[in-house]
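Engineer: The transmembrane segment annotation in TrEMBL covers A:31-52, A:64-87, A:121-143, A:149-171, A:263-284, A:290-311, A:332-357, A:363-385, A:397-419, A:425-444.
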Amino acid sequence: MIDVDDRHRLGQADWIVGGEAARAARKQGVYAGYVLALFAAIYGFPLVQALFQTTDRSWLRDQLASPVGVAALVASSCTLLAAAVWAGRFRGPVAPPLPWIDLVVTTPIDRALTVRRWWRFALAGAVFVGAVVGLVLGSGLAFAQVTGVLAIAGGTLTGMLLGLAAVRLWLWGQVRSWPGSSRGWAVLWRLPDALRALHAESLRAHSANTSTLAGSALTGNLRTARLAFARPVRRARAARLRPGRPFGVLVRRDLLGLRRQPATLAAGAGLAALGGSVLIWGLTQPAAPPVALGLGMFPLYLGFGAWAEGLRLQSDNIGTPSLIGVAAVPEALAHLVIPAGLATGLLGAAAAVAVATGGTGTAGVAVAAVLTVVLLSGGHLLAAFRGSPPPTSGPQGMVLWYIRPGTIVVLLGATMTYFLRAGQVGGVVVTVLATALVLAWGLARVRRLTHLHRN
Amino acid sequence: MSRTAELTGEVRAVGVSKSIDTTTLLRPVDVAADPGQCVVLRGPNGSGKTTLLRIIGGLLEPTTGTASVGGRPADERDPAIRACVAALIGTPTTYRDLTLIDHLVLVDSTWGHDPATSDERGQALLGSLGIGDLDDRFPHELSSGQEQLFRLALTLTRPSSVLLLDEPEQRLDTTKRQVVAGLLRKQVDQGATLVMACHDPDLTAALAPSIVDLAPAR
């Protein structure tokens with residue numbers, strides 16, 4: 001038996017492999033925290049203020065104290081925690097660089113020590129983000145006089161606790177991403193055991209996923225990122241694509257795809273239901289703040305996107321010899337049928353519930369639902385066929401390139417539904433024309449991008 | 001309803017070359033192939049075989065020279081060219097949520113073939129390539145050789161009078177190369193024009209083609 005000091009050996013490895021890298025990484029972490037705090041102060045707090053100030057205070061106070069309000073808060077928190085477990089399957093909180101994994105993690109040094117630094121980064125980050133979000137929401141409520149000043153401390157503390165719970169569950173998700181005996185609930189409480197349960201191959205996969213994601217973000221290669229995180233499909237193998245006319249078979253393809261990926265179907269339904277409910281609530285309840293219209297558009301946009309895989313796959317095929325015997329635009333329109341149909345159904349259901357429970361403005365809601373589906377279709381054509389990022393755009397240009405389709409949908413959708421709610425005919429006409437323009441722009445992008453590769 | 005001209009399979013490339021800035025991808029070359037003929041492009045790595053196939057398929061604009069298919073300029077934007085040329089150049093993107101037979105049915109249906117016999121056609125094609133028993137697999141469940149056979153099936157399932165193939169023999173064992181040679185021979189005998197880049201002397205000999213040797217590019 002040889003007695004060795006793991007901490008001493010780790011310190012030596014740290015110096016040889018990383019040099020000053022650890023200190024530099026800590027500085028970067030502190031800087032990121034500073035930027036986040038700055039953004040929260042400049043943008044987050046005023047936005048939350050605007051949201052609460054434009055809402056009927058007494059109504060909001062009643063809602064927050066009602067069983068439905070409490071249930072909604074608990075459900076949101078549970079969704080966040082479930083998302084943390086889910087994310088841990090692909091990219092956990094512990095993702096050291098590959099050389100560190102190969103040269104240090106694989107040595108006999110205690111793994112709880114060799115990976116601890118990355119865990120601490122993630123822990124500090126999650127608790128800090130939770131605290132900032134809690135502080136912004138709590139102070140927003142307090143300054144809008146919806147609650148007392150105690151909400152500031154309560155919000156901050158709750159945010160920190162949620163951050164702590166989320167990061168623990170995130171780690172648990174990472175531990176469970178590799179088969180093994182120590183994967184039960186118990187490792188949630190025994191942190192060193194959880195870190196020791198991380199397999200070197202799993203750490204490599206998570207680290208590689210981080211590099212893939214970062215590389216895809218930098219180069220604008222969204223397909224690579226999508227495929228890195230997509231689960232292999234193995235369901236409904238015996239189901240067959242029914243042959244038929246060209247347009248119909250493309251629609252059935254998308255339907256079969258969703259049948260074989262029920263998680264994608266459910267994720268889309270959840271997001272679209274959430275967004276649709278908020279949007280319809282904003283349209284039919286006079287007490288709802290106008291900002292709810294924009295807030296509803298965002299999850300609706302994401303939900304529609306979850307159902308539009310066929311559209312993205314069509315765009316992925318640009319530049320390859322043609323296999324499908326249908327022109328680009330009809331093919332894109334065929335791939336919009338399923339997401340547009342599902343979104344219409346969900347918005348219709350939400351509108352029916354709103355009307356049944358005493359909401360107002362039935363005709364406006366129907367028009368808003370139809371226009372929203374058209375806008376979502378145009379937005380997703382722009383998103384799927386966004387092409388490559390501008391070559392000399394820089395980080396800001398890259399971010400704008402990513403968020404442009406979603407931003408157009410959220411801003412135009414919010415404006416259009418606001419005019420509908422307010423009954424301003426002139427505004428409605430202008431936004432309807434703008435919505436038609438977005439759809440036409442999306443179809444033009446399909447045509448342009450399909451043939452652009454040749455030059 | 002749109003109408004598309006039906007082109008015959010004459011392939012002509014006259015003095016085509018490709019350069020990007022100061023880099024030459026393909027030196028000037030001529031290619032001529034008629035229906036029922038096979039032309040094999042040979043040359044060392046980097047001599048521009050794939051580039052030439054992309055130019056003939058209308059996927060790339062040549063820097064000099066002209067390329068035509070059935071007497072029309074080779075341009076993939078022309079629906080008649082798309083209807084005439086089937087190509088396996090690079091890796092086609094497949095649907096990760098469709099099985100092999102679903103892929104073939106999808107491609108077959110979009111070309112307006114008889115839906116009643118679409119399944120049988122797909123099954124027969126997979127069978128002729130020796131992967132008939134893999135019909136209910138998803139693309140990610142294939143070995144690299146099986147994947148190559150599936151790509152060939154995808155390319156052959158759509159109608160065409162011109163076939164452009166970039167090293168169809170890659171990743172295949174000797175037996176499967178012979179299977180592919182037999183299948184391609186049949187296509188040529190039925191009147192297809194076949195232009196392919198190939199490094200395999202046996203496959204080249206089996207198709208008794210004209211050969212175009214490409215000079216190394218710089």
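Each position is counted from 1, following the chain as shown.
Cβ coordinates are placed from backbone N, Cα and C, and glycine is handled just like the others.
Any TrEMBL annotation is an automated prediction that lacks curation.
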Engineer: Quick one: do the transmembrane segment (A:397-419) and the transmembrane segment (A:121-143) have at least 3 Cβ pairs under 8 Å, skipping pairs fewer than 6 apart in sequence?
Structural biologist: no
Engineer: Can you work out which residues elsewhere in the same chain, 6+ from the ends of the transmembrane segment (A:31-52), have a Cβ less than 8 Å from its Cβ atoms?
Structural biologist: 60, 125, 128-129, 132-133, 135-137, 139-141, 143-144, 146, 289, 291, 295
Engineer: For the transmembrane segment (A:263-284), I need the partner stretch with the highest count of C-beta pairs below 8 angstroms, choosing only from A:64-87, A:149-171, A:363-385, A:425-444.
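Structural biologist: Selected stretch: A:363-385, with the most Cβ pairs under 8 Å.
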Engineer: Looking only at residues six or more beyond either end of the transmembrane segment (A:363-385), which have a C-beta under 8 A from one in the stretch?
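Structural biologist: Same-chain contacts beyond the flanks: 279-280, 283-284, 297, 300-301, 304-305, 308, 311-312, 314-315, 332, 336, 339-340, 343-344, 347-348, 351, 354-355, 404-406, 408-409, 412-413, 416-417, 420-421, 423, 431-432, 435-436, 438-443, 445-446, 449.
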